[in-house]
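Below is one structure, written out as structure tokens; the observations come after it.
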Amino acid sequence: MAPSKRKASAPPQTSHVNGNPSADKKRKTTTDAPPTNPNTSSDPLRAPHPFYKDSETHGIVLRKFYPHEMSNARAQAYNDNELPRPIETLSAALAETAALRKSLPVRQAVVHWFKMDLRLHDNRSLWLASQKAKEAGVPLICLYVLSPEDLEAHLRAPIRVDFMLRTLEVLKTDLEDLGIPLWVETVEKRKEVPTKIKELMKSWGASHLFCAMEYEVDELRREAKLVKLLAEGEKGEKMAADVVHDTCVVMPGALQSGSGGQYAVYSPWFRAWIKHIEENPECLEIYEKPGPNPPGTKEKHENLFACSIPEAPEGKRLRDDEKARYHSLWPAGEHEALKRLEKFCDEAIGKYAERRNIPAMQGTSNLSVHFASGTLSARTAIRTARDRNNTKKLNGGNEGIQRWISEVAWRDFYKHVLVHWPYVCMNKPFKPTYSNIEWSYNVDHFHAWTQGRTGFPIIDAAMRQVLSTGYMHNRLRMIVASFLAKDLLVDWRMGERYFMEHLIDGDFASNNGGWGFAASVGVDPQPYFRVFNPLLQSEKFDPDGDYIRKWVEELRDLPELKGGKGGEIHDPYGRGSEKVKKKLEEKGYPRPIVEHSGARDRALDAYKRGLARDL
């Protein structure tokens, strides 16, 4: 594949999903920070949801960093345009500083701030920074900020932190080959990140900063603060920050329905996404990696090149045995990402449509870790897949290629959701009224689910795979999420958190979107009365029990029954002989902790009662 390269051009102005962010003069200026006592505020939008104590008691809302769970009225205020969305706050800051960015002379250096874009290939922000430095004849300096508080607040899994640090080692080597330093700065207090970046830029004599936009609430607000902070000061002290769209193939908010609103359903959004790319082929043009720094950069910035990659912060470290296992399973860096992409497109993408739901087969790309860490851009992935299609189209030709592209596009869709419905980042379901469901907080049930000891073989196999590898097949994510939320009626947000704390590919938008779908509380959900039957799912997607045997040691000796239906391995206590049951009990394999039919009825009743409440 030899994708076309982008030529130098001026970065487009950042647009906002709703047009002019300052146009609505009626908007309230209240923030999301509540008073110490949530029941004493005169602002009704600051009152917490009536069930807020449950979310705090069970670790869903981290009060160390965030306010109480907001009321449904506050979530609705975002929908009614009464509260500014964080994207609007950042867009306003960029608009206010646009003239400065255009006119400010380059001083001694240009900085690129790496975040979740840990690659040289097809990195728009890095390319723009490189072009700026090249035009001015000054060095490009790269920066990564390690914030232990952010890792804690965002529930970053130790396995993912380890992958990120290993990727930084690869990135540092690749940059050094170009004479570009990578400075890694640890900032203990997350709120001090903008100030520390400004201090570093001042010490380097840098005038311009480039970084990719992240769409979660914390990051949008942080970058809005940074943009304004860098623009402050006397004439010779001002700095410019360009926060550019790059994470998604199509910028969130760019696609609007016929009525001018934002899409809340994937299918029409995806059709609009396809149409937009076809009409704007530059969406899939690939950015070149940066050129080398000017001669003498290494001598001038010797201290920056001497920077080492730190170890993981306390609480985010792996044991030595985990490191050995995970490093073998998950090689880090963009070279591995591109190699895996090419291998998948060469060997498996053509059969993706028919194999993608079978966890015992190598039918998927296993690229989610690279999308999450930014070692591979969605643009490169989709461009590569499209170019392998005999039609050279996104939605025509090989069915496997079409299906895979549509699955990668879900990633864009869920980030689009974060931008327009920001309260989903704040422990609220997409449909606020679903907050009124009374969930169970049965600790024994939740623990059995996390440890793969529910007595439902397909559930237990999937959860044990996570504990062993930090990864789970997407079909299984849907099955285990539905089981937790509906069979056990445990608050889906506890499962959402558990996934983020254990998955190597934990991405907030995709994880939140997936849980919203499975628990029927999110955007484009399955109706709440549709409840996955774990037995039927097991028979359909692991018919011979190969996946279950791999991960549930207690069931490996059960006889194989090709074709799945009736096989003991799917329901050993319900279908096994007395001898089989006795052997399972001796091995310690648990009986089912709930009866599916009764659990389904309980879930439907809880959903009906919750949705009938007006809280």
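Glycine too: its Cβ is placed from the backbone N, Cα and C atoms.
As stated in Swiss-Prot, the feature region 'Interaction with DNA' covers range 407-414 out of the listed 159-166, 239-246, 407-414, 487-494. Within the same chain, residues 248-250, 252, 263, 266, 269-270, 273, 356, 371, 378, 381-382, 385, 474, 507, 509-510, 512-513 sit at least 6 positions outside the region 'Interaction with DNA' (407-414) and bring their C-beta atoms closer than 8 Å to a C-beta of that stretch. The binding residues for FAD are recorded as Y352, T364, S365, N366, L367, S368, D505, G506, D507; their greatest pairwise CA distance is 23 Å. Put simply, Y352 (FAD binding site) is 29 Å from W492 (site 'Electron transfer via tryptophanyl radical') when counted between their Cα atoms. W439 (site 'Electron transfer via tryptophanyl radical') sits 15 Å from W515 (site 'Electron transfer via tryptophanyl radical'), taking the C-alpha atoms as the reference points.
Rounded to a whole number, the distance between the Cα atoms of W515 (site 'Electron transfer via tryptophanyl radical') and Q537 (DNA binding site) is 17 Å.
In the shown protein chains, 23 other C-beta atoms lie within 10 A of the C-beta of Y352 (FAD binding site).
Proximity of D507 (FAD binding site) to non-local residues of its own chain (separation of 6 or more, Cβ distance below 8 Å) is seen for S368, F371, A372, R411, given in sequence order. Just so you know, of the recorded sites W439, W492, W515, the Cβ with the fewest other Cβ atoms around it within 10 Å is the one at W439. For the region 'Interaction with DNA' (407-414), the DSSP-based tally of helix, strand and coil residues reads 8 helix, 0 strand, 0 coil.
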